[in-house]
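These features come from TrEMBL:
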ACT_SITE  H116  active site, pros-phosphohistidine intermediate
BINDING   K10, F58, R86, T92, R103, N113  ATP binding site
DOMAIN    2-136  domain 'Nucleoside diphosphate kinase-like'
Amino acid sequence: MSNRTFTMIKPDAMKNGHAGAILDRIIKEGFRVVSLKMTKLSKEKAGEFYAVHKERPFYGELVDFMSSGLIIAAILEKPDAVSAFRTLIGATNPAQAEAGTIRKLFATSIGENAVHGSDSDENALIEGNFFFSALEQF
Ligand code: RTP
Ligand code: MG
């Protein structure tokens, strides 16, 4: 059980003006920000990040959406971070997310669902290193 996870505030939440509220909530829930940047994924980079979903029917839509606007990428720290963060964001489909979760509050649809959260310690490390060099991880 690692104490770090990786997140992105997705283009829908950025465009809808929710980035500040989402970061505020994450910090209030006790996550320490290890690394943070605003950036934009090219189609190629988004495809690489989501390569595990290449065979899924929503892959093309996902890559188009994730490269459609600015995102905020961050590494976060808290005990049992991966699981704690996935509880905080709620189910992939906001219609099924628990009341009070970030996706319930800020997501638009199952595809445009406001935030990403790593699904394992191994992927948290891979995804964090995709965006941040060792010198940028505090
Ligand atoms: P994430 O990776 O973004 O934290 O989300 P997740 O684990 O809850 O969901 P995952 O199955 O990993 O799917 C990755 C992202 O693909 C989009 N998606 N669209 N149209 C659809 O049926 C569909 N299903 C998934 C969502 O943006 C989801 O977060
Ligand atoms: Mg996932």
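Yeah, the Cβs are placed from backbone N, Cα and C, and that goes for glycine too.
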PLDDT averaged over every residue in the domain 'Nucleoside diphosphate kinase-like' (2-136): 98
Cβ-based isolation winner (fewest other Cβ atoms within 10 Å) among the binding-site residues T92, N113: T92
Neighbourhood of K10 (ATP binding site), C-beta criterion under 8 angstroms, separation at least six: F65, M66, I71, E112, N113, A114, V115, H116
Recorded positions whose CB lies under 6 angstroms from ligand 1, from K10, F58, R86, R103, N113, H116: F58, N113, H116
Cβ-based isolation winner (fewest other Cβ atoms within 10 Å) among the recorded positions R86, R103, H116: R86
Mapped DSSP class for H116 (active site, pros-phosphohistidine intermediate), helix or strand or coil: strand
Cβ neighbour count (within 10 Å, all chains shown) around F58 (ATP binding site): 12
Secondary structure content of the domain 'Nucleoside diphosphate kinase-like' (2-136), with strand meaning DSSP E or B: 64 helix, 26 strand, 45 coil
